[in-house]
Amino acid sequence: MAEHKYNQFKGQPRLPKFAVPKRYDLRLKPDLVACKFTGTVDISVGVVSDTKFIVLNAAELSVDPKSVLFKSSTKVFQALEVGLIEEDEIVVVEFGESLPLGVGVLSMAFEGTLNDRMKGFYRSTYEHNGEKKNMAVTQFEPADARRCFPCWDEPACKATFKITLDVPSELVALSNMPAEEEKVMGNLKTVRYQESPIMSTYLVAFVVGLFDYVEDYTSDGIPVRVYCQVGKANQGNFALHVAVKTLPLFKEYFGAPYSLPKLDMIAIPDFAAGAMENYGLVTYRETALLYDDKHSAAANKQRVATVVAHELAHQWFGNLVTMEWWTHLWLNEGFATWVSYLATDSLFPEWKIWTQFLEEATEGLRLDGLAESHPIEVDINHAGEIDEIFDAISYRKGASVIRMLQSYLGPESFQRALASYIKRYACSNAKTEDLWSVLQEESGEPVNKLMNSWTKQQGYPVVSVKIKDQKLECDQTQFLLSGSHGDGQWIVPLTLCCGSYEVRKSFLMQEKSEALDVKDLLGSSSSKGNPWIKVNVDQTGFYRVKYDDELSARLRYAIECKCLSTNDKYGILDDSYALSMACHQSLSSLLALMASFREELDYTVLSNLISISYKVSRIAADAVPDLKDHIKLFFINLFQFSAERLGWDPKQGESHLDAMLRGELLSALAAFGHDETINEAIRRFHIFLDDRNTAVLPPDLRRAVYVAVMKRVNKSDRSGFEALLRVYRETDLSQEKTRVLSSLASCRDPEIILEILNFLLCSEVRSQDCVHGLAVSLEGRETAWKWLQDNWDHIHKTYGSGFLLTRFISATVSPFSSYEKAKEVEEFFASRTKPYIARTLKQSIERVHINANWVQSIQKEKNLSEAVMELAYRKY
């Protein structure tokens, strides 16, 4: 084949526009034993400019060149040559003469492999009656439909799909649309599905395997089913309830009905992401869809609700209106993340989910505080670059800036604009700017200008505030965790309260520095004299605030007097932690602030306090090893008050939030080595080993108890480890398996840690779940890093490209805190770098540098040890 004539098509980010697909007639026959499939596709194509070539995507397929034809209304053209260019994942079809303009049909036959990499058309394994079986599943987002059939695999190339599957007759075969007819011929059946509405290739889906289901109808009569492995059907009821309530809610919110005749949701045993919003056939990990009344925790219930709401939001925002290109991915993901909270809040108001939304914002702020972050909108030039942007910037920062905008424009105006946006772009594609201009028309506010500063540049500001002559002086600079200042500048929707939530003000800060007259606020404040001032009221803005010493002291007093809203307390704590890590505030001032939360009752605030305490105790162990035990004691004393309030046993009718909190508090006490907690945990664990249904170990407590058990395991006493492996092997509930995996790594003996890490790579652990066991204890850091190096080739081969691979790097590298270690990591990866791990690697090394800076800054603190002693031994 003359390669050079295809040069014009190589290395291009997008396919050429000679021809556009209108309709696919696709027939596939998977072989679940040999793990191969064969297929044919007839694509109705509009030829729009003079060409002898048709170029479309294909990867890991072999196309039979003799089968490739183009039929126009008058003539059949046989392909002259069919060239597969693997590195660009394209197939170039060349004809002997120019194709007639207008619509024709491109036909071809092909075959491929049902792979083990959880992308494209792949196999997942399950057991039925003690026998191992394969199922065939699809995962096409972002760019893997091309691994299943030749297609224009870009979100803007929307078409309709007519799908036919030839499968073993005893299996369930599902696709986006309902089946139109089924013909059984002996042990094979042919299922033909109704033609789909116009949609992008990444949303096409089919699943073939053995399944049970539960079914219900929405108030509009749309049938909804939850499918899962045989024998687990009752675990689908909770997700079914959420879906049946959520579809009508979104119909009303978006002002448009759900556009397909049915909705199926299905739990897949091997699944790389959390879930995938395929039109009408949403696929999930088992942990994100199934809920078992006896053995699932409250946190699992909440996860199922928010994930289901997220995927159903996509049926409108993503599937009906689709991003024009992957640069706009954040619009899909950020929006679905934000609106999933709206739906969950409406179904479960007692969960106070908008306060928990702050955890999303915090994750976004953490990643975006890195110099190696990226803007919300990233130019994507090659399919290989897409995977890495499925991260906390696209989802969490995306959701947070949408929340900031909604809060600035007001919910009514925001919702009206969304409904007109959906209406205007239904069945089509849109860019970020299209949403802004609709919001701008509706609200009359300068949305485009305001939002560009948040989506086009990376990072966010820290606004420093102080009071001088009854003016509030505000300065913004780009916040970086490394402590250096970036040069970004934003239009910041500032809000503030003074002395009470009645007295508030908001304005857009457009300059680097602005002074705001607050005479009227100070005057009208009830607490005459020196009232507290809180900026970024209820944490609706995506920025941090730094107060001068005077304002900080007043806020600390306001926390102790219980004057502040939960969201504001959370924000003050989280900002202070970030400023301390960036060496803008001392560790002793952070610890003093943490101490003022001793009587805190709220789940979200305490949950963040606990995560911060883990990080602080690790950094302190590196910086000031002789204070390490005193700091642990301080944290044990800090959490005792709340732990005693909740006790070990669930109370009748207690809140969902208290149920989640109890487990987190006990985990923390166990992690910090609190003997009473560990002894009680081990006592309960032994009862549980004899009776898995015992009331002494409800699911909400299990992870805490497993952590406590692992704290006592070492090479001379392995019994707890062996017992947990037994629990892992005997359960078939994925949530229980991940609970065990995530607690194993709390062990402090490096030899056992090595065994645990090797266990993660064995066949008993599905490769999707391996990442749950990577967060090892401080004592296991070196072991884990050496293990990663020794097993890198194997891990890299198993995961190929994709975001699961990047988790190995970030989990193993990020906890270190020395410049030497950062260098060692750089040297190891120098010869092993790949475009799909480059960003994660840089981010992880930057985190090590940030930790090293923080260690040095703590070592220079003058009165740290007095402060720690005072806090650790304070009598309450």
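Placement of Cβ uses the backbone N, Cα and C atoms for every residue, glycine included.
A TrEMBL annotation is a machine prediction, not a hand-curated record.
Listed in TrEMBL for this protein:
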type: DOMAIN; residues: 20-203; note: domain 'Aminopeptidase N-like N-terminal'
type: DOMAIN; residues: 238-454; note: domain 'Peptidase M1 membrane alanine aminopeptidase'
type: BINDING; residues: His310, His314, Glu333; note: Zn(2+) binding site
type: SITE; residues: Tyr395; note: site 'Transition state stabilizer'
type: DOMAIN; residues: 532-849; note: domain 'ERAP1-like C-terminal'
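Projection of TrEMBL feature records onto the structure.
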residue : record                             : Cβ within 10 Å
His310  : Zn(2+) binding site                : 26
His314  : Zn(2+) binding site                : 25
Glu333  : Zn(2+) binding site                : 25
Tyr395  : site 'Transition state stabilizer' : 24
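Taken together, the residues in the domain 'ERAP1-like C-terminal' (532-849) have a mean pLDDT of 96 on the 0 to 100 scale. In sequence order, Glu277, Glu311, Ala313, Phe317, Gly318, Asn332, Phe335, Ala336, Thr337, Ser340, Tyr395 are the same-chain residues whose CB sits within 8 A of the CB centroid of His310, His314, Glu333, the residues recorded for Zn(2+) being left out.
For the pair formed by Glu333 (Zn(2+) binding site) and Tyr395 (site 'Transition state stabilizer'), distance between Cα atoms is given as 5 Å, rounded to the nearest Å.
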